[in-house]
Amino acid sequence: MPKNSKVVKRELDDEVIESVKDLLSNEDSVDDAFKKSELIVDIQEEKDLEVEEGSEAEDERPAWNSKLQYILAQVGFSVGLGNVWRFPYLCQKNGGGAYLLPYLILLLVIGIPLFFLELSVGQRIRRGSIGVWNYISPKLGGIGFASCVVCYFVALYYNVIIGWTLFYFSQSFQQPLPWDQCPLVKNASHTLIEPECEKSSATTYYWYREALNISSSISESGGLNWKMTVCLLAAWVMVCLAMIKGIQSSGKIMYFSSLFPYVVLICFLTRALLLNGSTDGIRHMFTPKLEIMLEPKVWREAATQVFFALGLGFGGVIAFSSYNKRDNNCHFDAVLVSFINFFTSVLATLVVFAVLGFKANVVNEKCIAQNSEMIIKFLKMGNISQDIIPHHINLSSITAEDYHLVYDIIQKVKEEEFLVLHLNSCQIKDELNKAVQGTGLAFIAFTEAMTHFPASPFWSVMFFLMLINLGLGSMFGTIEGIITPIVDTFKVRKEILTVICCLLAFSIGLIFVQRSGNYFVTMFDDYSATLPLLIVVILENIAVSFVYGIDKFIEDLKDMLGFAPSRYYYYMWKYISPLMLLSLLIASIVNMGLSPPGYNAWIEDKASEEFLNYPTWGMIVCISLMVLAILPVPVVFIVRRCNLIDDSSGNLASVTYKRGRVLKEPVNLEGDDASLIHGKISSEMSSPNFGKNIYRKQSGSPTLDTAPNGRYGIGYLMADMPDMPDMPESDL
């Protein structure tokens, strides 16, 4: 409710009472009784309105303690693991520094407008995703249910990743770190290095064998991994305790979970810049490859990253904004959070490539040392003549520049026999070009780099604590996108629903902590979210721009914000964003069709990954995930379009949202102007069609709390004007 609206409301009513007095003063004295009774009615109505407004002020819906807490919640939800282990990979893969340009363009075209749209509808209607889309168009109410289903699918496997991070965090309090060296195994005669580890690397072996104890295919369950089962339970307990009181409990945790990652990133960047080779990584990262920008794939991947980075379609954005005051400047919030997200991605990219540059330098030094030893052997064996080696070069302590000089000389002299020598060029850029993302970056590449840090356990603890906080911030928004709509719609107790939701999620999540669980995480990540979320956001855009009406929505925003949003958003919402989203959907479907459905399995004997196709039952699960996620949209549309469920039966089809409460719409209710006189408060009434009555906005008056039909309108007063034609009301 806008500030001081109660005072303004009383002033408006006082004006009405004074005008009544003026009119009645011209009447005969025989009408004194009528005057008194009429004034009594007006005074009583004013009291009723004050009581009603007081009840609104004391609405049971919680609110953010401060604007900072709300911003941190939105930042914590949007800034997640993807900013650390997805954005740097895409930046490296798609043109380095040149990738930032298409990303920024698509952030302005898709990201900010759609983020602003979700913030606006959540704040205006003050409901979760189910309530918002039921309100805007009951036939499209399935959008909210689909959003909840997708949120739940994502929460199932996202918390498993937090469980993995908890495991690594718990193992980081050791010196040396447990993934620093390959383990030794004993046989009958002597001790040797674990063959699987020797073929791969210490960090790779620890991830696949010690942490996941992974099986060789998705069909081999292998039973539960008890270490990861305990970590998953701990992750769900943390989420449950943080969310059990809604934003009253999670909001306080946001101060730490949202700010701590920035402290760690800045510390990592400062430390990494002091290490040898870090500038090589940053230089490699931001060297632009402009020709790559012309490829459609780059723009598709940038659009997808923008889409998921801001959490569009999940319902968390709507849920968080629904706890705001209605006059909050959500346009400022949308721009601020979007750019904080972008700069966080750039900061994380700097950190990642500074650390990877240091790691590449360490690996390169080992490569040069090993190959120099091979050259010395070839010199002793006579395979290479000593005469071709420059006299100033000492192969026992050779620099990178001298090694590359010797390598080039040998390559030219031994042109035909060079391949037989198996010498490596040992270029830092070759190491940096190895594209690593996701779990491979966090649990293999980054952990290996940290083993070379001075005081490596400290940095490992900080890194995984940062990942835990990033993951929890996103989980809070994801769970809020499930809990808030259900509580608003079905009026269940939040505490009970949160506990049930987390218990059920943990039970289902046990499939992710089998030995084959990592393959199911990949399956859910690929198929349960991407296409369904795209469809959800497209339908959200269509619902607001074409079903509700973009002009009416702009008017609502003008009334809510106190100023008209830029005309830029009008064209984005009505034309550009829908076209871009449809193009992205088509491109994603084509890409999914061209890419064989499968996963990378870890083969123990080869100590390497191998791409395998999903079995038949796996394909059925993949398709089922996509269908189940989007199924509520057509189901709710058909049910409400065909009136398959009786409106009076108390089902979802008859639910309307009024005054923060769910009320059932009375059936066959006809308009009755007299009901306004007989002491009924307008918000207690249903939504009848009042003949010639219109909702007239008072010039110069701020927004009133609700329209007379009880819905959150843009502030209209009822006036009985039989000579005026019907005018449309604003649904928001």
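Every residue gets a Cβ built from N, Cα and C, even glycine.
Annotated features in TrEMBL:
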- G76, V79, N83, N341, L470, S474: Na(+) binding site (BINDING)
- 70-88: transmembrane segment (TRANSMEM)
- 100-121: transmembrane segment (TRANSMEM)
- 142-169: transmembrane segment (TRANSMEM)
- 224-244: transmembrane segment (TRANSMEM)
- 253-274: transmembrane segment (TRANSMEM)
- 302-323: transmembrane segment (TRANSMEM)
- 335-356: transmembrane segment (TRANSMEM)
- 458-483: transmembrane segment (TRANSMEM)
- 495-513: transmembrane segment (TRANSMEM)
- 533-554: transmembrane segment (TRANSMEM)
- 575-594: transmembrane segment (TRANSMEM)
- 614-639: transmembrane segment (TRANSMEM)
Cβ contacts the transmembrane segment (575-594)/the transmembrane segment (100-121), at least three under 8 Å, sequence gap 6 or more: yes
Proximity verdict for the transmembrane segment (100-121) and the transmembrane segment (335-356), three or more C-beta pairs under 8 Å: yes
Residue numbers, six or more beyond the limits of the transmembrane segment (495-513), whose CB comes under 8 Å of its CB atoms: 152, 155-157, 159-160, 163, 224-225, 228-229, 232-233, 236-237, 239-240, 243-245, 479, 482-483, 486-487, 520-521
Shell of the Na(+) site beyond G76, V79, N83, N341, L470, S474, same chain only (C-beta within 8 angstroms of their C-beta centre): V75, F77, S78, G80, L81, G82, S258, P261, T344, G473
Paired segments the transmembrane segment (614-639) and the transmembrane segment (142-169) in contact, 3+ CB pairs under 8 A: yes
Cβ contacts the transmembrane segment (224-244)/the transmembrane segment (335-356), at least three under 8 Å, sequence gap 6 or more: no
Which of 70-88, 142-169, 302-323, 335-356 contacts the transmembrane segment (458-483) most, counting Cβ pairs under 8 Å: 142-169
Candidates 70-88, 142-169, 335-356, 533-554; stretch with most C-beta pairs under 8 Å toward the transmembrane segment (302-323): 70-88
Recorded stretch, among 70-88, 335-356, 533-554, maximising Cβ pairs under 8 Å relative to the transmembrane segment (142-169): 533-554
